[in-house]
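According to TrEMBL, the protein has these features:
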type     : residues : note
REGION   : 1-26     : region 'Disordered'
REGION   : 346-377  : region 'Disordered'
TRANSMEM : 33-55    : transmembrane segment
TRANSMEM : 75-93    : transmembrane segment
TRANSMEM : 100-121  : transmembrane segment
TRANSMEM : 199-224  : transmembrane segment
TRANSMEM : 258-277  : transmembrane segment
TRANSMEM : 289-312  : transmembrane segment
TRANSMEM : 318-336  : transmembrane segment
């Protein structure tokens, strides 16, 4: 899991740059500002739109769009699993040829990227299809067993419009596979981020605090304590990070001096912000106070990360700044409004488990009614 904000500039020879030991000329202040601003904007887009789409996803009945619910047990284990994965990749790059590893990873992310990008652009593309477009429905169904023991493994519904989106996404996939261009990388990275925020749901705020707290320690250790994360981020030729060239003004689209932001710094705070949006909606108010507060906190946290990185000229663990901001600001607002109990009582369940969904709905309604009773008093 790549979760570092890196700034390879000021003449350092980094990944994606000259391989003969020569150094790059220093980036201009304008180029650095453009790169930082673009990374910030690209990080905000999947969080904002992914959060909005997560609301529709939670209400949807299509099994192909069902969210994956993260429980407190999952959250507690995630930093350990992420650490093992990161260390494993680091050792692989040290032992085996980087070229062959990246070739396998490129093929893997080529397929995943096409599917993610297709799912991302599908709602937007549907607006451009004429009413007369011959749209047919399809269903991909895999089952196991027979009779009463039959169990669904895959049940994916799609239509002709989805196939068109898949074709367009394949063009981007081929471009990425052949050229590894930074724009194609970012298109896939944005699609992964948006899909992550949309489809990964925390079951409650406490789980979100456990996840963010664990990854806070994970991020700080692997960036400040070792060179593992930065090494993997620079060696890993896959769309697991957003990049933007700091020498774009000098070299145009062929620029190669990149600042980078790991997708973990987008998706992890993003799923917490999306949870707060769904909590806002559960309160049945016209304002989305907690969503906008956490969104503004994310901007503040990432801006602070960029500032610290620029001052100290060292890769920063962005979650070091994002976690306190994204958790602390909404909790302070809840304290001010007297809604801390409602916030931590709000519960979401796995929509694939009807019994749990019923219990979650009753618990949420109970906590909401308690909050209303307090206000009436």
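Cβ coordinates come from backbone N, Cα and C, glycine included.
Counted over residue pairs 6 or more apart, the CB atoms of the transmembrane segment (199-224) and the transmembrane segment (318-336) come under 8 Å in at least three pairs, which marks the two as touching.
258-277 is the stretch from 75-93, 258-277, 289-312, 318-336 with the greatest number of Cβ pairs below 8 Å to the transmembrane segment (33-55).
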